[in-house]
Structure formats: C-alpha cells, structure tokens
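Chemist: Provided herewith is a single structure, encoded as structure tokens, for subsequent inquiry.
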C-alpha cells in the first residue's frame with residue numbers, strides 16, 4: 001500500500017507541475033486541415049511546428065511606452081532649451097534713410113511761434129493747444145543729401161521738468 005500511495009503522489013505531483021507550467025497551444029494549416037502543437041510559456045509559435053524563444057522585454061508594453069515617452073520628452077526639452085539659448089535671428093527690415101536737421105539756435109523774429117512744436121501728419125495742418133492753426137511741423141527740404149525728406153528732430157522731453165500738477169488740472 002505504501003508503494004501505491006507513492007505512485008499516486010508522484011502522479012499527482014507530475015500532473016500539478018504540468019498544469020502549473022503555462023503552455024501555449026499553437027496551430028497552423030497543413031493543407032486543408034489545422035495541425036496543433038504545444039510550445040512552452042516563454043516561447044512563441046512561429047507557424048510550422050517550431051517554437052521560438054521570445055524575449056521577455058517584448059512583452060513589457062509599458063516599458064516601451066515609457067521609453068518612447070522619455071525620448072519624446074528629451075527631444076522636446078532639448079528643442080526648447082536650444083531655442084532659448086540660440087534665439088532665431090530677427091528679420092531684417094529695410095533701412096530707412098532719415099536725416100534730421102537742427103533748427104537754428106536764434107531764429108529770425110516772427111519766424112516761429114512760441115510754445116512747443118506739435119508734430120502732425122505731413123499732409124495736414126497742426127493745431128496747438130490754444131486752437132490756432134500753425135504751419136506744418138515737418139518742413140520738407142527737397143535738396144536733402146540722402147534724397148528723402150528730412151524732418152526736424154523730436155522735442156527732447158528729458159531736458160525740461162514736467163509741469164506742476166495744478167497747471168495740468170487747471171488746463172483740463
């Protein structure tokens with residue numbers, strides 16, 4: 001009875017090992033009928049009764065996904081870092097030949113109105129704060145050395161102090 005119990009235990013142990021070891025059931029067509037065969041768990045079916053060892057890394061889809069995400073992140077970060085360190089050159093605009101002429105320090109009496117000049121469109125009249133129409137602020141000089149029109153320089157606001165607050169409020 002002891003030998004019989006040993007044989008049954010060995011048979012059950014063999015069945016247990018065979019059941020716990022995962023196997024792949026593969027098939028392929030040979031003529032019109034399918035042919036079945038079994039591969040081990042770490043092997044892939046190749047088609048004609050052959051089993052090929054599969055790399056376990058091929059089954060790790062999340063590994064490949066994270067690897068591709070890491071590559072894309074590194075490429076994107078490198079692109080933005082490169083753009084910040086080496087900005088693209090600015091588009092060159094055509095150069096304008098503009099020359100300024102200074103007004104004479106002591107103009108002839110009556111040639112210029114008192115008060116700061118107000119710059120307007122070259123084709124339209126200028127208005128001073130009082131409401132009087134004044135001559136064009138831009139004076140065209142046809143004999144300019146650059147061939148273009150020349151205009152007086154803009155007034156320098158930095159050299160004069162701002163008006164007092166009471167005067168600004170009173171003018172409004």
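The backbone N, Cα and C atoms fix where each Cβ goes, glycine too.
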Chemist: Per Swiss-Prot, which of 40-60, 61-81 is transmembrane segment?
Modeler: 61-81
Chemist: With Swiss-Prot as the source, which of 105-138, 139-172 is set down as region 'Disordered'?
Modeler: 139-172
